[in-house]
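Note sheet for the following structure.
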């Protein structure tokens with residue numbers, strides 16, 4: 001467990017090695033000693049498919065968390081880099097998943113890349129999409145809708161408190177875990193750094209759930225998420241979104257121009273909240289004030305909700321998925337689960353300029369790193385510079401201290417690097433640059 005680099009050349013005397021070392025020392029490039037990659041996971045089932053790749057159910061087959069089931073999202077770089085916005089959205093999703101931790105938001109465990117693909121390893125939400133449950137039931141009873149909407153409000157409120165707009169709330173992006181609690185997924189359309197007074201103009205989302213100000217491109221803020229919540233609430237309790245038509249243009253016209261029609265069987269509280277969430281003017285919309293989700297939580301529709309209990313998952317979900325095992329995919333669409341899980345060959349290439357767009361993509365969750373600490377000694381030690389086989393061995397602390405002005409803002413200098421039992425070599429360092437060799441970086 002020695003905390004030293006084995007180098008054939010001192011990096012301080014070899015400028016070409018310094019960028020590589022700074023990359024390895026960056027907190028955004030944390031990778032573990034398991035050499036995490038596609039081969040670390042066994043494909044079990046196909047859970048979904050999109051324009052840029054697939055989502056698989058996988059089992060980890062080596063290292064920490066061996067045997068545990070995850071969802072693996074695989075994205076093809078060549079398709080993403082064709083559009084600058086898609087590239088930005090992909091990076092945003094990766095960064096948001098790293099920074100945001102909440103009971104009702106999906107957890108990211110690992111992220112890594114190969115020459116042609118990006119991989120996100122997420123917690124496996126075996127309850128499937130809320131969309132599938134809504135399809136089975138037709139409509140939700142008010143108490144069922146209230147439970148799900150309450151958890152969604154807490155998740156959106158947490159995103160907003162971090163300056164993030166979700167912008168793609170719909171039943172397909174709301175997953176259920178094995179207990180029946182919701183988790184928001186798919187953060188590709190999120191917008192970061194949107195705080196009070198700031199607006200953005202990107203045209204994105206799913207038409208039936210998009211707020212008028214997105215459609216008119218007049219600038220929007222976090223209030224668009226509360227419109228989407230209103231559209232989702234309407235969908236849950238009536239069986240369809242509030243404004244639909246046979247094509248996109250007519251649907252947009254309805255959203256912008258038509259009056260909201262509410263079925264008579266809805267309770268007064270439900271009707272009132274839907275009306276206030278679906279105000280066409282964002283300034284008049286419930287949740288648009290500085291109080292954000294707090295205003296929605298105070299609405300009489302939620303009068304029976306204990307928000308502390310809901311956040312702590314002490315409230316019993318209205319529906320618990322019937323699962324036979326951790327590998328059970330019965331809650332997912334059979335159009336996907338019947339397919340043979342195959343991760344196509346990684347034979348595509350992208351330019352060096354495009355490859356730079358994915359620098360820093362690799363990630364290991366702090367919870368995983370904690371599990372890797374067992375068996376190592378973390379007491380800092382001062383050691384003299386030593387040599388092995390006539391090669392300098394430079395302590396990390398010495399290298400970092402002499403390169404301190406090149407580290408990232410907020411970077412802590414007390415990082416530990418643990419190598420596998422074999423001694424690292426120059427070849428190993430070369431492999432690190434290409435992503436085939438890795439190390440643990442622990443704070």
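Glycine is treated like the rest: Cβ placed from N, Cα and C.
Automated prediction, rather than curation, is the source of TrEMBL annotations.
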TrEMBL annotation (region 'Disordered') - matching range among 382-403, 404-425: 382-403
Candidates 73, 77, the one TrEMBL lists with 47, 48, 49, 50, 51, 52, 53, 54, 55 as binding ATP: 73
Length of the line joining the Cα atoms of residue 51 (ATP binding site) and residue 168 (active site, proton acceptor), in Å: 16
For the binding-site residues 47, 55, the one whose C-beta sees the most other C-beta atoms within 10 angstroms: 47
Shell of the ATP site beyond 47, 48, 49, 50, 51, 52, 53, 54, 55, 73, same chain only (C-beta within 8 angstroms of their C-beta centre): 74, 75
Fewest Cβ neighbours within 10 Å, where candidates are the binding-site residues 51, 53: 51
Fewest-neighbour residue among recorded positions, criterion Cβ within 10 Å, set 49, 168: 49
Residue 53 (ATP binding site) and residue 168 (active site, proton acceptor), distance between Cα atoms, whole Å: 19
